[in-house]
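Asker: Quick one: the structure is below, and I'll ask about it shortly.
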Amino acid sequence: MSLVAIGINHKTATVDLREKVAFSPDKIHDAMKSLAKCTKTGEAVIISTCNRTELYTNTGDEAEVIRWFEEYHQLSHEEVEPCLYKFEGQGVVKHLMRVSSGLDSLILGEPQILGQVKQSFAKAREAGSVAITMDRLFQNTFSVAKKVRTETEIGAAAVSVAFAAVSMAKHIFSSISSTKVLLIGAGETIELVARHLKDNGVDSMVVANRTLSRAEGMCDEFGATAITLEQIPDFLPKADIVISSTASPLPILGKGMVEKALKQRRHQPMLLVDIAVPRDIEAEVADLDDAFLYTVDDLQSIIEQNMASRREAAEQAEVIAENESHLFMEWVRSLESVDSIREYRTQSMAIKDELVERAINKLAQGGDSEQLLLELANKLTNKLIHAPTQALTAASRQGDLNSIGQLRSALGLDKN
């Protein structure tokens, strides 16, 4: 058997096609069982996220895996084939290690994908579609992803606006977990900011939004307080950090409002991060002594520097993935050799048992023991040397000196 993987991701397919080939969480368990039945080893793992759908199997039949994929999603070969990428053997191992380490992600080095791969593997275990090879492959991959995180700086620098905003706050405040944060807006970016803040131990968050119900929905997840935009002046004086991202055409925070809040704070410093376009916070706020205002342009320059750092770290990570994939394939080959040795020994023992049984029967019938012993030795020798003799003859006819040399070495003909 050999490892085979096929997939579609953000680089090869449109959102429309990615949606069509995605596996819903409630159906992926049965899908893995179904795919596993198509393989001779019964091993299959499916990874399905918003940016990729990938099938990992331990089978030698790539065409069968592709056929199953197309039939499951009721798509034609013409729709799928142009967007499909395929890997075999070591290519599968290296690709999975790259994916799990964030080297193949939309945002280079993003850590979320490792958790998604782990969830997929756990579901495959539940479905019973994992055996020795897939188990070893994924466990090794998780170790490699951890190694990439600890031995390179691929995850150290912020490369998203939301992450960069929180990273900046961490640099300014010695203990971000004890700060009070006001978030303005309730869109995807602010939700991501809230998640990063929560991960860094921030418990005191207020979310201000034009639509209160939208803010309340987000606050339920993060244990925050929801308010309307009109209530901002009441909550602003309590905020150590303000991060804003709305679609408002006009500024939400003016210099006067911030100045008044700073007076009430007795001029304790306030960090304001405006990641909206157009701006949510008037530029003049930066003129206030105790206000530290950063815009999306400031963050973008940080992100560009950090992305360069990540690309450098990614080169180191690629070397790790390459080396580790080689080591895994050595284990696979050793597994194959163990199976071959076991099969060869079983076959040889069966030949021996058959010939010995015949000799015993003839001996019981009064046969000459010396003659039977000689006959047994000759027949056993002929049976055991038959396959190597055929291999040597075939290699000789083809002029395959390399195979002849290997066979001579294996048979011990070159000793002494």
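Residue positions begin at 1 at the first shown residue.
Cβ atoms are placed via backbone N, Cα and C, with glycine included.
When I checked Swiss-Prot for this same protein, it listed these features:
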ACT_SITE  Cys50  active site, nucleophile
BINDING   Thr49, Cys50, Asn51, Arg52, Ser105, Glu110, Pro111, Gln112, Gln116  substrate binding site
BINDING   Gly185, Ala186, Gly187, Glu188, Thr189, Ile190  NADP(+) binding site
SITE      His95  site 'Important for activity'
Asker: For His95 (site 'Important for activity') and Ser105 (substrate binding site), what Cα-Cα distance in Å is obtained after rounding to a whole number?
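Answerer: So the alpha carbons of His95 (site 'Important for activity') and Ser105 (substrate binding site) sit roughly 12 Å from each other.
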Asker: Non-local Cβ contacts of Pro111 (substrate binding site) (under 8 Å, 6 or more apart, same chain)?
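Answerer: Result: Gly102, Arg149, Gly155.
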Asker: May I have the list of same-chain residues other than Gly185, Ala186, Gly187, Glu188, Thr189, Ile190 whose Cβ is within 8 Å of the Cβ centroid of the recorded NADP(+) site, in sequence order?
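Answerer: Checked against the 8 Å cutoff, the neighbours are Glu191, Leu192, Val193, Ser245, Thr246.
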Asker: Out of the recorded positions Thr49, Cys50, Asn51, Ser105, Gln116, give me the one sitting nearest to Ala186 (NADP(+) binding site) by CA distance.
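Answerer: Nearest by Cα distance to Ala186 (NADP(+) binding site): Cys50.
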Asker: Give me the long-range Cβ neighbours of Gln116 (substrate binding site): same chain, 6+ apart, Cβ under 8 Å, in sequence order.
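Answerer: The answer is Ile47, Thr49.
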Asker: Give me the long-range Cβ neighbours of Asn51 (substrate binding site): same chain, 6+ apart, Cβ under 8 Å, in sequence order.
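Answerer: Listed in sequence order: Asn9, His10, Arg18, Ser105, Leu106.
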Asker: For Thr189 (NADP(+) binding site) and Cys50 (active site, nucleophile), determine the Cα separation and express it in whole Å.
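Answerer: Distance (Cα to Cα, whole Å): 17 Å.
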Asker: What other residues of this chain sit with their CB within 8 A of the center of the CB atoms of Thr49, Cys50, Asn51, Arg52, Ser105, Glu110, Pro111, Gln112, Gln116, the recorded substrate site?
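Answerer: Nearby residues not in the site list: Leu106, Ile113.
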Asker: Reported as an integer number of Å, what is the Cα distance between Gly185 (NADP(+) binding site) and the residue listed as 'active site, nucleophile'?
Answerer: 24
Asker: For the binding-site residues listed here (Gly185, Gly187), tell me which residue's CB has the most neighbouring CB atoms inside 10 Å.
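Answerer: The residue with the most neighbouring Cβ atoms within 10 Å is Gly185.
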